[in-house]
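Features reported for this protein in TrEMBL:
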type	residues	note
DOMAIN	21-151	domain 'Photolyase/cryptochrome alpha/beta'
BINDING	265-269, 306-313, 404-406	FAD binding site
SITE	TRP337	site 'Electron transfer via tryptophanyl radical'
SITE	TRP391	site 'Electron transfer via tryptophanyl radical'
SITE	TRP414	site 'Electron transfer via tryptophanyl radical'
REGION	533-573	region 'Disordered'
COMPBIAS	564-573	compositional bias 'Polar residues'
Amino acid sequence: MLPEAIWRLKCSDRDSVVMSHRTIHLFRKGLWLHDNPTLLGALACSAALFPVYVLDRTFLEGAMGLGPLRWRFILQSLEDLDARLRALGSRLYVLRGSTAAVLNDLVTRWGVTQISYDTEVEPYYACMEREIQALAQERGLQTYTHVSHTLYDVKRIVKANGGSPPLTYKKFLQVLSVLGEPEEPVRDVSAEDFLRCSPPAEPLHEQTYRVPSPADLGLELDSEVLWPGGETHALQRLHKHFQSQGWVANFSKARTVPNSLLPSTTGLSPYLSLGCLSVRTFYHRLRSVCAQSKNHSLPPVSLQGQVLWREFFYTVASATPNFTKMQGNPICLQIDWYHDPEALEKWRTAQTGFPWIDAIMTQLRQEGWIHHLARHAVACFLTRGDLWISWEEGMKVFEELLLDADYSVNAGNWMWLSASAFFHKYTRIFCPVRFGRRTDPQGQYVRKYLPVLKNFPSQYIYEPWKAPEDVQLSAGCIIGKDYPRPMVCHTEASQRNLGLMRQVRTEQQNTAELTRDVADDPMEAGLKRELQEEEELLEGAEQHGTSKRFSGDADHKSRPWTPETLQLSGEVM
């Protein structure tokens, strides 16, 4: 990371007088003041600096698919950022409108000579950056930018791999071994930095530039706040988890519980994906802990390994056209998914008739978070497991509802779980009954999120349609009336879909091989004990007295999971 002296030199190269700029620092995803090299660099060469956030509702709800819970999280994060800036003698200026139009107006109003912002990899941010560069050229402005949301500048990784992204985790780690460790975090921004370049106060600025409330935006939210937004909460949560260094060093995502009533992971993913916590800060804290422990867990299931999986998907997404789509995506299998809006709506609104699946989707809608294995279960059910509906549709739902929704990670994991890319043990299908029962046989998770079923005996809680009529009456829930019957026969649907997937992968073998490691899949390390029961691929195999397996026993090391950092959309730890 560039020290402040070099930043000053760079600024003086652009403009012969050090600290001469009047700068707008544009906050986008990086809503934090720790490890913020872009902000530090801008402060070092500015006589006045205006911290700005443009609330472009069309952009945020269109390109980023923001739903109400993420809106609330971002507004809370902006409130926290404003408070932290005020503590340093500055403040946050929040304006509504399109970014280009707002910046153009502010350049004139404030006499701005420079715009600084973090570099991002998403196509919609790249488009925004082109607009900023065009504005800068038109108005004769300087721009200053730096990478902050990833461990590395992903362009360096692509360049080190010969100009194309490494498409397997194994190859990705080989490239990183050449590049070396990620740069260390920079120092925190201080009051002294702002003392040198605080902007003049404007009349009525409190009303003009304040952070809007959810009510101001017409958002109706009555759910409990489980993850308050903001850098302050992110750092508090980080500190809390690192107090138990043994837990951190020995963390293994495979041992976390998908249907625990409280998160069995760190719950830091919303803060990483929505820009309240620096990934470099997190990574180097982990590295320090692991360096002090002789028996720490290893990648890919360790916390450090999970952060690198996040970086892997960011890198692939940055250099893969149409990464969030099937068509035009060169690494994604082209599959003739069913178009079934009614079935999609049942899945989205927790009306599938499978309590384990519906409980997960209910928690998602109410809280904006679900465990990574729960994400896997509902994703497999929607796509290759039961409904054969496109992963793009599921990705959009997660994008709207998940607090930790993340462009690169969300799409990468949906391709993974639908076996469209990256994942190749496609014969391994999640059972929507047995998977939940294995870790929560009493069904406490189902009873919490589906109270209509709370009075069913445990033997029927995952399959209430099998309960006798008198049991249903006693439970106060008649299946088919008060709670839906299963929308598909899992055994039949999964066998049919398995045949379809086998055919697709045979016909498109060259595409399938693009993202496949030639060596053992590193995702499979150390998971056999935890997942032994899931080796029974289809629920119906045992029920019909057969031993149906859709790939040989020698191929069944363990079920590979998507990285915990990713949680099918970004859920880290």
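Cβ coordinates come from backbone N, Cα and C, glycine included.
Heads up, TrEMBL stuff is auto-annotated, nobody curated it.
Overlay of TrEMBL feature records on the structure.
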residue : record                                            : CB count, 10 Å
GLY267  : FAD binding site                                  : 19
SER269  : FAD binding site                                  : 31
VAL307  : FAD binding site                                  : 25
TRP309  : FAD binding site                                  : 25
GLU311  : FAD binding site                                  : 22
PHE313  : FAD binding site                                  : 29
TRP337  : site 'Electron transfer via tryptophanyl radical' : 20
TRP391  : site 'Electron transfer via tryptophanyl radical' : 26
ALA405  : FAD binding site                                  : 29
TRP414  : site 'Electron transfer via tryptophanyl radical' : 28
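Here the candidates are the recorded sites TRP337, TRP391, TRP414, and by Cα distance the one nearest VAL307 (FAD binding site) turns out to be TRP414. You'll find the Cα of ALA405 (FAD binding site) roughly 23 Å from the Cα of TRP337 (site 'Electron transfer via tryptophanyl radical').
Residues in the domain 'Photolyase/cryptochrome alpha/beta' (21-151) partition by DSSP class (helix H, G, I; strand E, B; coil) as 63 helix, 33 strand, 35 coil.
With respect to their backbone Cα atoms, GLY267 (FAD binding site) and TRP414 (site 'Electron transfer via tryptophanyl radical') stand 20 Å from each other. The CA atom of TRP391 (site 'Electron transfer via tryptophanyl radical') is located 6 Å away from the CA atom of TRP414 (site 'Electron transfer via tryptophanyl radical'). Each residue contributes its Cα atom, and for TRP309 (FAD binding site) and TRP337 (site 'Electron transfer via tryptophanyl radical') these two points are 28 Å apart. When the Cα atoms are compared, TRP337 (site 'Electron transfer via tryptophanyl radical') and GLU311 (FAD binding site) turn out to be 29 Å apart. PHE313 (FAD binding site) sits 12 Å from TRP414 (site 'Electron transfer via tryptophanyl radical'), counting Cα to Cα. Annotated pair SER269 (FAD binding site) and TRP414 (site 'Electron transfer via tryptophanyl radical'), C-alpha to C-alpha distance, rounded: 17 Å.
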